[in-house]
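Everything on this sheet refers to the single structure shown next.
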Ligand SMILES: O=C(O)C1=C[C@@H](OP(=O)(O)O)[C@@H](O)[C@H](O)C1
Ligand SMILES: C=C(OP(=O)(O)O)C(=O)O
């Protein structure tokens, strides 16, 4: 898409849609790392085709682990290098993909050579210093080029010796996930202990599950505070099917909340590996009905004449769906408070301050807090919504335009980070 903005067409009546979003970003990028460290060929199916998975695939290719792409990019054949990094030097451009920069920084410490990771200007503002610190505690030689603890990152790799490290948990769970995936290929055993409250916990549980699928078990207490990792050398190759993306699913479920009617997302159940399926619980608290199906989850929005209720929601574990929830909150009968998401300030943009600005532009009153926001609905109005190069700002606030005339979304092609065909899929869903 090359237009500078897109106008969202309001829908006339209640929805009746079934959708299957593309593959999960988080699962695609984890499966790629585990397959790359496996001893033989793995085939991943249902993979996400997007900027964030592209930079991971490109990066692994530069590290000497080529990936064969079929079925329009959704099938990936990975020739795993058995826990080794074949390249002896590489310059990796990782765009604005948090998963890619954090997972690959940890992974390249297993190699022998010089590696550099850098990305777009916003990536140079996103924290990675606490991951660098933990890797150095395990005997690696890693440094951030700038004093602020952000990319670019330089790694002088000579294998990862192992030992014990503290890992900061309250900025991003991706530091821990990156370490967990790399450490089974370290030279010796590794103990990781979490410092501070761990955010985004379901993503760490997901990491452990994907590792287990590729043959590596790490036991951890339920509170995910400490991990003992044995040096097993490599992962086992396997065929791996990737679930549809649950964060992407949130937009379609939210459309039912905003427009009324029902939307079923196929391919995701309450047993999904992705914590973001719990977004439907937030919608339930606001008055939607949620129906678990054998192979999907249906959300039924308010009946004609009924209104959504405001709610207070701790979204620490499902922070990628805060913007979706904020769009829904504009249609409630009273204020909605989101708490526990201070880490949202370190993502593609400051997803508290910038979200507040755009919600106000659409007519709401918003109180910004250090770790969240209180959204009081007001009279909605037409607006050109700024998106800050943040795919989720574009995808979530577009939903407001399904009801309010004159909502335009600036730079719609920023959805390519995780969902290049979002606007086409949304238009198709609301026309079903
Ligand atoms: O590990 C992952 O796949 C992710 C973890 C979360 O980040 P934080 O741990 O930084 O909250 C999430 O926001 C991101 O989109 C994907
Ligand atoms: C925060 C996100 O991505 P990442 O941290 O992987 O760049 C996201 O997809 O919303």
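Numbering starts at 1 and runs along the chain as displayed.
Glycine is no exception: its Cβ is also placed from the backbone N, Cα and C atoms.
TrEMBL labels come from automatic prediction, so no person has curated them.
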(message) Quick check: of 223, 320, 371, which does TrEMBL put in the same 3-phosphoshikimate site as 25, 26, 30, 172, 173, 174, 200, 347?
(response) 320
(message) Just to be sure I understand the packing, how many Cβ atoms besides its own are within 10 Å of the Cβ of residue 174 (phosphoenolpyruvate binding site)?
(response) 27
(request) In whole Å, note down how far the CA of residue 320 (active site, proton acceptor) lies from the CA of residue 25 (3-phosphoshikimate binding site). (result) 12
(request) List the binding-site residues 30, 126, 392, 417 whose Cβ sits under 6 Å from any atom of ligand 1, in sequence order. (result) none
(request) For ligand 2, pick out the binding-site residues 98, 200, 351 that have a CB under 6 angstroms away from one of its atoms. (result) 98
(message) Treating G and I as helix alongside H, and B as strand alongside E, what does DSSP give for the region 'Disordered' (1-20) in helix, strand and coil?
(response) 0 helix, 8 strand, 12 coil
